[in-house]
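The structure under discussion appears below in the form of structure tokens.
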Amino acid sequence: MGDSKENAGGFLPVNLEDLRARNWDFYDFLVISGDAYVDHPSFGAAVIARVLEAEGYRVAFLAQPDWHSAEPFRALGRPRLAALITGGNIDSMVAHYTAAKRRRSDDAYSPGNRAGLRPDRAAIVYSNRIREAWPDLPVILGGLEASLRRFAHYDYWEDKVRRSILADSGADLLIYGMGERAVRETARSLSQGLPVSEITGVRGTAYFTKDPAASPFPMVECYSFEAVSKNKREYAEATRIQYEEHDNVRGRGILQKHGQRWLAVNPPAAPLDAAELDRAAELPYMRRAHPMYDELGGVPAIEEVRFSVIHNRGCFGACNFCSLAFHQGRMVTARSQDSVIREVEGFIKNPLFKGYVHDVGGPTANFRHPSCKKQAALGMCKDKNCLFPEPCPNLDADQSDYLKLLRRLRAIPGVKKVFIRSGIRFDYLLADKNGEFFSELVKYHVSGQLKVAPEHCVSRVLYYMGKPQIQTYEKFKEKYERLNRKYGKEQYLVPYLMSSHPGCRLQDAVELAEYLNRTGRQPEQVQDFYPTPGTLSTCMYYTGIDPRTMKEVYVPRDKREKALQRALLQWKRPDKRRLVLEALREAGREDLIGYGKNCLVRPEGVPSSKRKQTGGGKRGPDKTAGTDNKRGGKTPARGSKRPPAGGKRPAGGKKKAAG
């Protein structure tokens, strides 16, 4: 092991010149990433590299190498112990393609926002190239792309079930979840001379074996790759088992046969405690993109997080379309207040800091401790969730520690504002009977808009999403607007909505459009459901079965129906008018075509100026049958102003609004 202190405070070496400048005649680990090299605690590859450096290993970094040959993978020479490969902060296929499978024209994790600097399925491609470059080198996968593809999984882009990414990549070992603990233990074994094929006892790892009985952990078998490829019910059963066992306290390892070999996925690693999180967050990050990107326009992804703080990990919200629970786990842990304070005090020394902390968040901003006191001994409940369908009676809905942290941050000299932008879970907020946090959230921590994620309004659809009922959102919205009036604030809610989720029929999309019309909302951001690996909703999409109940669920797969559902949520846009008319007729809701107050769209053939011609902006006489919406009810609109357009809805492993 080399002495890493000679490199303290600088970027990790990225080329031979850097190695020579450190007088290194060898190094231990090569970290290969599909993202540009950004040395910041929001970037997983940087965290793992710094964790290993802190253990005394020499680490080099290879970011977005040219994958068309093995030569770039030989450029730094052979690492002594292993290559560590990640596709990047988000799945490379999500980085490259929209939910409609259209190629994206930009990439925030690449210099100059330029697309095309990483391959599709980056973890597989990089693994194959490093194996070509150094055939005898241990290859270890990690990061979100590998973590969520650790089992045989449905791949939306190829519309088929693929093998575990460990099989397709040819890597020796896969580290899933938040990898600090597992990578330290694995590195220790390698440095002691243990062959990578014998590293089978590390929690949070997966490997292939021909002897399933040799595992040091209790194991349970799920259906094989061959079975889940042919039988959708068995795919759903396998998904249910994988989710039930994903618990670091009570969970067992899982075996899944692939041909003549067994994929062994060990139980999850325990989450880092507060002291361990503090150490990981306070390693000597440069907190910026490597200067080699400066002439290329920098790396856009750093801008939102440069002066943001991640204070927690894990999420017990358990939205079915979100992969975080299957990656970070449901058990929440948090950094100490003092550690967060030190990080923000460090911002003040940066000449770019203008006094605004952009976010103090995480997967869900207002989670800062485990959801109940039983988890340390018993783990998370196997067959129920903390917040869905209603908050559990054992839920510890207490935001006082988070509130104290925010108060301390506001008091730091040089800090003008502390915002919360990564989203709050509004049902958890309401479950906290002490209203102090809600009041101070509105008074101090909203930057004009607060992102929340009701996602839909139809009860059945919300059930399949794993989201609270719309009445909970309405209660939150009413109190939010009341507090804004109390404090004289003009602040808005930006609700994230989703179309085409499993369980959502065209009639449900119409009902959501009616709800938005009644409440005076025209959403700027609508997200089509994106079937990404590792989620319960993706299982529903592929199988047509809800793995929680094993009952059938309707799935909108047709491109035309998806377009109709999306258009209904953007009914005021002129370019969506034809699709809205088509959708309403197909749904049997022609009563919403006309001039009544509840109508969504004018009849065909009526010019844009029709209303002006019939009475100075007033609606003309209703000459069609049933134009008023008899099903709509009379929910009054609250507030008369629409919020300004929100930012893009984050995708995959990016920060998102919670709900």
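Glycine too: its Cβ is placed from the backbone N, Cα and C atoms.
Caution: TrEMBL annotation is automatic and unverified by curators.
In the structure as shown, the Cβ atom of C319 ([4Fe-4S] cluster binding site) sits within 10 Å of 26 other Cβ atoms. Secondary structure from DSSP puts C319 ([4Fe-4S] cluster binding site) in coil. If you look up TrEMBL, you'll see C315, C319, C322 marked as [4Fe-4S] cluster binding site.
Confidence in the domain 'Radical SAM core' (300-573), given as mean pLDDT, stands at 96. The domain 'Radical SAM core' annotation in TrEMBL covers 300-573.
For 599-659, the entry in TrEMBL reads region 'Disordered'.
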Neighbouring C-beta atoms (10 Å sphere around the C-beta of C322 ([4Fe-4S] cluster binding site)): 25
C315 ([4Fe-4S] cluster binding site) CB neighbourhood, other CB atoms within 10 A: 24
